[in-house]
Each structure stands twice: as structure tokens, then as C-alpha cells.
Amino acid sequence: MSTLLEVSGVSVTFDGFRAINNLSFRIGTAEMRAIIGPNGAGKTTFMDIVTGKTKPDEGRILWGEKSLSLRGMSEARIAREGVGRKFQKPTVFEDQTVHENLVMALRNKRGPFAVLFYKPTAKDLARVEVLAAEIGLEDALWRKSGELSHGQKQWLEIGMLLAQEPRLLLVDEPAAGMTPAEREHTTNILVEAAKTRAVVVVEHDMEFVRRLNCKVTVLHEGAVLAEGRLDHVTANQDVIDVYLGR
Amino acid sequence: MKRLFLAGLAVLMTCTVALSQGAPMQDILQAHSALITKSSRTTISPAIAAISNSGLTQAQDILQAWQSKDIWQRRSDGLFFRAEETDSGSYQLFDPDTGKIIGEAAKSDLRQLKPNSGVRALIGTALVQFQLKDNDPARRLAALTSIERNPSSDSLLPLRASIDMEPDADLKAKKRRAERLLTIAYDTDEAARVAAIAEMSGDLGVDVRATLNPLLQTRTQVFAGVAPDGLNIARVLVPGKDIASQEAYRLLIASNLAPARIDQAEILATLSDHISDGKVGGIAVEDLNQPEARDRAYAALVSQGLARATPTGAEIEAQLAAHQIVEVYSEPSPVVTSAASEALEAILVNVGVNQTLDLILDGLSLASIYFLAAIGLAITFGVMGVINMAHGEFIMMGAYTGYVVQQIIPNHTVSILVAIPLAFAVTFAAGVAMERLVIRWLYNRPLETLLATFGISIALQQLAKNIFGTQARPLTSPAWLDGAWVLNDVVSISYIRIAIFILALIFLGVFLFIMRRTRLGLETRAVTQNPRMAASMGINPNRVNMLTFGLGSGIAGVAGVAIGLFAKVTSELGSDYIVQSFMTVVVGGVGNIWGTLAGAAMIGFLQKGIEWFNPSNTLAAQTFMIIFIIIFIQFRPRGIIALKGRAAGD
Amino acid sequence: MKNSFLMRNPSTLIFLTALAAFTIVVTLLSEAFGLGLISTSFVKTLGKTLCLGLVAVAMDLVWGYAGILSLGHFAFFGLGGYMIGMWLMYERTRDIVISSMADAPIPPTTDEITDAIGHQIFGVVGSSEFPLIWAFADSLTLQLVLVVVVPGALAFVFGWLAFRSRVAGVYLSILTQAMTLALSFYLFQNDSGLRGNNGLSGLQNLPGLEAVPQEVVSIWFLWASALALGLGYLLAAWIVSGKFGSVIRGIRDDEARVRFLGYSVEGYKLALFTLTACIAGIAGALYYPQAGIINPAEIAPIASIYLAVWVAIGGRGRLYGAVVGAGFVSLVSSWFTGGQAPDIPLGFYTIKWVDWWLIVLGLSFVLVTLFAPKGIAGLFDLVSDRKWPNRHGADLGPDAGALREREASE
């Protein structure tokens, strides 16, 4: 399996505090990975670095078959390269309809002029319908997304992420605030997505991680502490000490 | 007959001897009697010189009496006396040598000497040497000052002679300096002048430059062929290079060395005088809106003898080649001029250094003004994150408070001391009221805060206009702040600016003390960083926000008193400072008092620096400064001193 | 297509109809073409108000929709006025100079004419040379192009610098205010080449049309202003109705999220900032010939603040709100400050509206910000029964920048 993202030797410091310390990480083109770790382990900062929000002090971030360097690219450029991100808190555009939210996320030209003269094609509209069905919002397409429930907003965000058709999905605590049935559905969508693309899930909920049934990376103090199957990792004494055993 | 003659001669001789033995001054006066009685500025000099150089102690009194028109000549024998009118209308006569009363005479027997003003001035100059040696130091100083004010060649020798006897060290130094300057200007000995110039080289005094500059004055002269030898030539002007050809030819015309050109107005007049049948010189009038057509028409008129010829370009070139244009020093000695220009250069370097120092002082004072204006914002905007566009109006309120206090308390020192706490109280109250009524509802909505405070700013400004009118109100500083601290002729700084600088330092100290050492500072920092956590620890965020905002506003009020002392107090006082204040905080780095300090320093020095390039245009300086800031923010978006990390927000 | 666009946006159709009706009514009541019930100066006031409405639409696009509180759009407005003013002043002075030189026995050369024009125009600032920026002043076409290009270029350069370094929110507002201040300082200088604080004057006289009376000219300008407002409104409505509008509203509400969707936020902001600056320039070019004079005081930061006040009072985030706000506030302002409003005697003090109007305006602005963030346009909701999403108490309106919202929640 070829490598999609390779992070090596990355460090970042905030005012003397090393949030990420010589971190190395790689993920294949179609792979599911869960990242766990205690608070302050650097999970969110790691995502910030990959998506370009935070500039690392040192290290390499290589992307795709051509080994493009993501360092120094803008967030938007990285997103266009195929990195999609879902935030911890659902962030959808509340003042706009579900339909508008999804159309905005659809994989199309992103330049101001292309967007200014954009007219949705039949294919685009069909895709929106399909996505809406997948996330269970087909009846809410013309409602303002601000009127949706918290869970529905989570769904909408996942739908927008899928509409982007990213090659790498970075998902931050997708199951927070969901009912058990919704978690089940979320798991299915993520597992389905991981068949064709790379998915990185940051999650606190061990049960959810277990259900994802994938390789796990444990972060601690900005570096990788352990990596492997969940059973394997949870048996690791270091991991038990810093995280599970607390 | 012969005996008689001899006897008469003997008598005359004894008489003369007696006179010269007993009355040397009368003697001198008699010797120059003709000159003295018919005095005129052009001829009187030998008489004055004879008196003043006589070495007689009574010379000064006589000169003074002469100057004040108190010398009278007795008609009967032609002798001169000082005379004073008595109550009876007759005149008491005083002997010029002894000064004793020797009798009285009726006015009709006397003739008054009436020196005209030119003569009196000459007498005054001669008197200087006596005054320079006067026993009263005040009179010596007055004499010196008068020499400095009206330097002349006559004063040089007396001044020089008086130096050695001068007992007062300070006065002696002053005399010496004046003597050096006079030597440069008037001494006949070239070497002495050059030595004096070398001695004064590098001196910053304006008087030195005023002495040296005339030496280097030049006049432009034109000579046919080459300039004659013996002139002290500063430089040769080459037409087309050092001087425009047009200008050079104009000089030739002015010196009557070349025929004048005929200007456009005259050509136009000539052409219109010779219009016949709609044509001039064979060319239709309507075609004359082309310059070439006009030239041809004029040439035609010239060839018909109807107009004067104007020199062609080639002729002008030839004329210029045949002449030399030179700048000639008025001072004939090349040694002196070269020494003077060297000395002046050294002085200018020194002046440059001192001007830089002066500029730094200016920048420092402007920086402290900006700092004062911005420090309140550093609290409300920097620490609390509340953007208050009415901050400038709080400054204005402080200034007006100072003005009102001065109307009630006439003593300026007391009124300022009262005004500062009162201004703090007034603006603190205004700030608290504003926080309670408006800003409290808009926390975390910065753009709405900005707009609402703009509304308040507009209203407050208009309110001030309604109350105090549109004209500027004076806020007078105490007398002990008048004047300036003068380092030398180049560097000086007014006391009021020093006071503002000190005030800025005090404010910085107060800010640091409140934020780092007091409960309020601690609570403020806690509330701004995490209001919910602070609240859970028993801090009342509402109260803290209110007090902190009041504090920032109060400091703005005090700054207003300080700014009002040197700026005009108008309703627009605040809006003049608001953009700069925000720039100061933003450029420095929000949330950091040292950043505000650095921002104020940068903006202050920068503005003074730009003004230095183009002193007449402070508007341009402000324009360029703002452009610079916009570009600066490109490179340091978070300001000079940036908070790093996640706390800074992305 | 256009029909369907208008059908989908009934407010646009209503607005355009109302604008057309307004224009026709004013024309019919004017001195030139109708009953003469409206004085020429009032027709000019109405025409100017339409231009203010257009610049308010631009402001609403950039602020109400994209969340960029620009305090520089009135500067762009003024620049547009200066550009057209240069041509008007140059041509008119040229006409005067040529007619005064026509009596001379020898016809003047072109250089002489240019010198005389320069002397006429710049004599007041002690100069007679034409500065470089007047190079195109003799060409109406080029100056019309500059009306759009100069504000656009300034906005582009400024916006490029500001957005590139991610200056946003209040910082951007302050920076735009600084830009406006710098521009007005520059224009106040005598050697700016634009006559310093004298500004450009006599702009109401159209060169070559001296024979046409001002009554007629004022109506022409009213028509032109109405047309420009209509077209500008249509353009703005079209922009905000599509995906572009979706994106810029997204930027307003959560800039970072839009960035992670792959849109270059800076590019969008820059495009919109520049476009609205061009619209502002056009509005200014139509406004100042009706005002007759332009000087740097018009560009001072306070003018841009008033523009924000109009849009806020009218109701931001809605195009008709901006127009209504600009029209309402500027007309009411001129009524109060023009001395037409009756004084109120209180016995001990007489309230003169000339003095007190600004205080009322400032305070009502505070009140609108606090209690009626939807502005006057909020009243239309009562009629149309428009629904607003329940935001669960978290106001994510145009003013709570994405940054702040996130910071507040952290």
C-alpha cells in the first residue's frame, strides 16, 4: 500500500512549550487510523499542522505520490490538494440552507471567478441529493442549517466533508454528542469512506475506537508513544501509565 | 617792531605752553576746532580719534558730553566747555580738563555743538572702549552686547585692548569670543583672521555662522573672454552644466554684454501690429496658432525691417562661448575664504550631529505624547479587548476639565494639580457609565462595539461643541513649565515636553503597578483570559470589567490634561489622536504594555524622521507614516512585541 | 434567465419597480419635465441620495455580506468623484480660456491654451504646472475608465496587503480608517496636484452643455443615478444570490471553515473589496457633479463612518436595507442640519437642531446597535414574516467574527 501522507521529525513550539516534539506519522492511501491520547498530547495541534493552520518549526510533511511538501502551503491550498477536516464543534454555516452548505462543499473549481459564474449542473444537484440521503437530511435540504439539531449539524458537516471528496479525512471527535444509533451510522460512514481514502479519527471514546477496528496511534507529550492494533496498544505498559491507567 | 614781534611770539609761546601744560583736552579740542564746530560724519573721525586716543582720563566725559550735546563754545575766545543750564537761564561752564566750574555765561555768548546722528554714532563707537573698561560690570556687558549686535571694524581694537584688563572671567570669555568673531570679520591681518577662523571651527553658535557666511558670499559676474586675475573666484559656471543656457544668456543681457532676446509677448504684440488683409508677413493669421508659423512670420517681418531681430540659438551659443561666467567672493583673500569654507563645513557636520540629537529629543517627546494618548487604550483595547472609538473623546473631556478648572482656580500650578485627579474622576465616571450602558451588552462583538462607540464619539464631540463652542480654548501651563532647556544653539527642548515625558514614565509605572501588583490587575487579567473560570473563582467579572474600563478611561482623561497643555483644546482634540493611538497599540502588539511603548516610540521617531526630510509638510509626514504602518503590519501582523502561541488566537 | 433570477428574488423585483416608480414620479413633479412641484436643488438632493444608496449597496456587500467593516469606502467614493471632477474642471476651464482668448488678434497655440488652463486651475495653490496625474484630464473616456480603475487599484493594493497578512475584524477596520486618513491628509496638501483643500469646484457645469439649464441637467443626473443604482443593485443581488454569495457569507460567519473547504478566503475578500471599491467610485462620479464641489474633507474618515451608520441603521445583510438606510438617514440629516427643522423652545433653553442633530444621530446609532441590529429593514420582516434561524443564543451575525466566536468558546 502506497503512502499518502508522511510526517517526519515535525516539532512546533508555543512560547517555549513544545506542543509537538519530533513527531513522525504515516498513513496509506486507503486506510483508517485512530489517534488517541490524553489532553494536551498534541492531537489537535497535529491536525492543525497537517491542514496548514499551524506552521511547524521543523520537519517534513510529504503528500501523495509526487511527495509534495505541504509545509508553507496555505490552508485552502492544502484543502484543495485533498485534505478534509471536521472540527470538534460542528461548524456549519448556520445562516445558510443545508443545500447551500453542501453545494459549497462540492468538489468544484474554487476560484472567485469560477464561483461567481457557477451554475449547479444536474450532476451536482444529483450528488447533493445522494449525500443528503446518506446523512439523513434529505427532508431538511431547504432548511437553514442553524435550525438543525446538534446531531444533525454533525451529520451535515460529515456530508460536507464527503462532498469535498478528499483523499485524506481528518475527523476530530465525530461521535461527541450523538445518540448510540447515530454513532453506529457514523462508524459505518467512516468505515465505508476508509475503503477508498485515508481517514484519521481523533477520539476519546474507546468504545467508538474499538468499533472502528483499525490501527491506533497513541500520542503523548507531542510524540508517538505507541502504534498498532487497539488490543496491542492497550496492553502496552507505557500507554496504561500515561493514559488508560489514570 | 622786531622786538615787539618776538615779545608777542614769546607771550604766545608761554601762553601755548601754559595751555598745553594745564589744559591738554582743551588743547586737543582747539586743534580740531574747525572740524568739531562744523562736524559731519565724513570728516569728524580725526577729531574723535584724537580725543579718544589721547589717553586722558577726561576723554570719556568729554565724548559723552559731546554726544549728549552738552559741549558749548564760547564765542569770545573759541574755547570749549561743558555747560549746564542754571535756574536763572544762564549757563554754568565746566572746564573740559579739570571738570571744575569756571564761571557762568549767558546763552547768547555761547554756541552749542550739535553733532548730527551720524557723528553721535561715531562718538558712541569711540566711547565703547571706555565703557568696555568701565568699573561697572553691567555697563561693560552692555557695551559688549552693543558690539555684538552692531559689529564694526572700529570696535575690534578697543575690544582687544580691554580683554587683558577684564577682571570678570565670564565676561572675559565673552569678550574673547566677540574679539575672535570681529577678528574674522574685520582684522586686516590675513594670518590673524585665518587663525581666528581655525579657532572657531566647529563652534555651534549661530553668531559664528553669521560671521562666516558673509565671507563666503558670492556674486555672479560675467566677463568677456576670461575673468581677469586677482579675483577671488569661487567657481566658474559652465552654461548648460552649472547653469541653464537660458539663464546664462539672461546674465549676459543683464551685464549689457549681449543683445536682448525678444520675448513672446513682444513678438505677439509685433505680429498683431502688422496684421494686414488677414496676413502677417505673408502668413494667414489663422495659421499663427502654430509656433513655427509664428517664427516664420516674425522672420519675414524682420527681413522687411519691420521688427527687431532676435538672436538665434547659434548666436546665443557663440555669445556664451565668448564669455565666462564666474562666482566671485566678496572677500578678496582666497586664504580666508578657503579657511572659512573649511570651518563652516566642520560646523555643519557638528550641527548635523546636534540636529540628530535634537531630532531624537523631538521624537522622544512625540513618542511620549502618543504613549500618553494610547496608554488608556492599552488597557481597554489591549488588555480587555474592547475597542473604544470614543477614547479620543475621553482625552478631550480631560482637556476640557482642565480648562474649566482653570476658569475657577486662577493659579495655574494649583489648577493643574486639581485638574489631574478631577479629570481622572470625570472620565472614570464617563467610562463606567459607558461600560454599564453600552459596552457590557456587546462583549465579544467587537465590530458592534466599534460602531456603538463611534456613535458615542459623534455625540460627545457635538456635545462639547455645543457647550464650549468651536473655537480653541486655552489650557495654560504653570509659569515654571515655560521656557526650554537649551543645550546649545541647535539642541533645545521645552520644559513642558520634558514634563510630558516624565508623566508618560509615571503612567507606565502606574500601569505596571496596577496590572502586576494589585488585586484589580490580577482579576482583570483573569477575567480577560477566561471569564468563566474567573467567575467560578469568586471574581465578579462585571465589576472587574467596569472598573478596568473606568481605569483606562480615567487615564485617558489625565492624558487629556497633559495633551491640552500644548495642543489646542477643541472638540476635535480627541479625533486628532484616535487613529494614531490605535496604530500605536496595534503596531506595538496588542495586550502588551511594552509593545505600546515600542509602538509609540516607533511612530513618534518615524514621524519626526519623515518630517525632517520635508519640514514644511507635516501632512505628508503623516501620510507616509500611515503607509509605512500598513506595510509594517505585513511583516509583523501581531505587532512589534507579539504574544505567541495559542493564547494569541489565530 | 433574468426573469427567473428576478422571480427567485422578489425583493429585487420590488426594489427595482419602486426605484423606477420613484424616478418617474420625481421627473413628473420636476421643474424641467413636469409640474414643477419639486425644486431643482431638491431634485439634485434626491439624485445625490440615489448615489449614496449605491455606495451603501457596495458597503453592504462588503460589510453586511462578507463581514469586512471597511472604513474606506467613502474614500473610494471620493476618488471616483475626483476622477470625473478632473475632466469636468479641465474641460470647462478650457472652454472658458478658449472663449476668452478668441478675441486676441493672433490665435493662441496649444501650449498657450494649456498654460492658461493650468494657471486658471492651479493658481489658487500657487502653481500653474499640470501635475502628472492630470495627464488624461482632457479625455472623458480615459477619465471615466479612471473612475473605476483608480479606486479599484487602490483597493486592490491595500486589500492585497491587508488580507494577505490575515488582518481581519476590528484590526482591518482600523487599518482601513488609517488608509482613509492618509488619503485625506495627502489630498489636503497643496502639492498633491488636486488643489489641496480647495478641492475641485464648478463641477455642476457640464462642458459643452452650457445651453442646457440646470433643471434639465439635474433630471438627467437623477436618471443616470437611478440607472446606476438599479444596475448596481441588480449586480449585487446576483452576486449574493449564487454560490459566490454563499461563500462570502460563509467567510463572514466562519472564515477558517471556508478556508478548510479549500476556498482561498483572501482571494474572495480581495475580489469583493476591489469590486465594491469600483462601485463606490462610480457612485462618487455621479454624486459630485450634482454636488458641484469636492474637497478632501469629503474623504475624511468620518464620512466612511457615516456610511457604516447608514447601512447599520438601514439594516445590514440586506441590500434594500442599505439603500433605505442611506436614503433615510442622509435625507433626515440634511433636513435637520439644513435648518429646516423647527427649533424646540424649552423655556430655559432652545434646542437648535443644527446643534443637536448629531447628538441624536450618534445616540440613535448606539440604540440601533444595541436593540435593533436588523435596522429599519427589520420592519419589513414584520410584513414578510421572514423566519430567522434559531441560533441557540449564539449570535453569529456579521459582527461576531469567526475568530472571536471561537476564542470566546475556547
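Note that Cβ sites are derived from N, Cα and C of the backbone, with glycine treated the same way.
The transmembrane segment feature in TrEMBL is assigned to C:42-63 (among others). Below 8 angstroms of C-beta separation, residues 26, 30-31, 69-70, 73-74, 77, 215, 218-219, 221-222, 225-226, 228-229, 232-233, 236, 239-240, 272-273, 275-277, 279-280, 282-284, 286-287, 290-291, 307-308, 310-311, 314, 316-319, 321-323, 325-327, 330-331, 334, 398 of the same chain, each at least six residues beyond the ends of the transmembrane segment (C:42-63), sit close to that stretch.
Within the same chain, residues 55, 58-59, 62-63, 117, 121, 133-134, 137-140, 143-144, 146-148, 150-151, 154-155, 158, 172-174, 176-177, 179-180, 183-184, 187, 194, 200-203, 205-207, 273, 276-278, 280-285, 287-289, 291, 294, 296, 298-299, 301, 303-308 sit at least 6 positions outside the transmembrane segment (C:70-90) and bring their C-beta atoms closer than 8 Å to a C-beta of that stretch. Residues or ranges marked as transmembrane segment in TrEMBL: C:70-90 (among others).
The feature transmembrane segment is assigned by TrEMBL to C:140-163 (among others). Long-range neighbours of the transmembrane segment (C:140-163) within the same chain, counting only residues 6 or more positions beyond its ends whose Cβ lies under 8 Å from a Cβ of the stretch, are 72, 75-77, 79-80, 83-84, 86-87, 91, 172, 175-176, 179, 183, 265-266, 269-270, 273-278, 280-282, 284-285.
Per TrEMBL, transmembrane segment is recorded for C:170-188 (among others). For the transmembrane segment (C:170-188), the residues of the chain that approach it from at least six positions outside its boundaries are 68-72, 74-75, 79, 82, 154, 158, 162, 194, 196-197, 296-297, 299-301, 304, judged by C-beta separation under 8 angstroms.
Sequence-remote contacts of a segment are chain residues at least 6 beyond its ends whose Cβ falls under 8 Å from one of its Cβ atoms, and for the transmembrane segment (C:219-240) they are 5, 9, 11-12, 15-16, 19-20, 22-23, 26-27, 30, 32-33, 43-44, 46-48, 50-51, 53-54, 57-58, 60-61, 65, 248-249, 279, 282-283, 286-287, 289-290, 319, 323. Annotated transmembrane segment per TrEMBL: C:219-240 (among others), in sequence order.
Annotation comment: TrEMBL describes C:267-287 (among others) as transmembrane segment. Long-range contacts of the transmembrane segment (C:267-287) within the same chain: residues 47-48, 51-52, 54-55, 57-59, 61-62, 65-66, 68, 70, 72-74, 76-84, 144, 147-148, 150-152, 154-156, 159-160, 163, 221, 224-225, 228, 232, 235-236, 244, 247-248, 251, 258, each at least 6 residues beyond the stretch ends and with a Cβ under 8 Å from a Cβ of the stretch.
For the transmembrane segment (C:293-312), the residues of the chain that approach it from at least six positions outside its boundaries are 52, 55-56, 59-60, 63-64, 69-75, 77-79, 81-82, 85, 176-177, 180-181, 183-184, 187-188, 196-203, 321-322, 325-326, 329-330, 361, 365, 368-369, 375, judged by C-beta separation under 8 angstroms. Here TrEMBL flags C:293-312 (among others) as transmembrane segment.
Among the features that TrEMBL reports, transmembrane segment is placed at C:319-336 (among others).
For C:356-383 (among others), the entry in TrEMBL reads transmembrane segment. Residues of the same chain lying 6 or more positions beyond the ends of the transmembrane segment (C:356-383) and with a Cβ under 8 Å from any Cβ of it are 309, 312-316, 318, 320-321, 324-325, 328-329, 333, 336-337, 341, 397, 399.
Panel annotation: around the transmembrane segment (C:319-336), residues 11-12, 14-15, 45, 48-50, 52-53, 55-57, 59-61, 64, 229, 233, 236-237, 240, 306-307, 309-313, 353-354, 357, 360-361, 374-377, 380 of the same chain, lying at least six beyond its termini, place a Cβ under 8 Å from a Cβ of the stretch.
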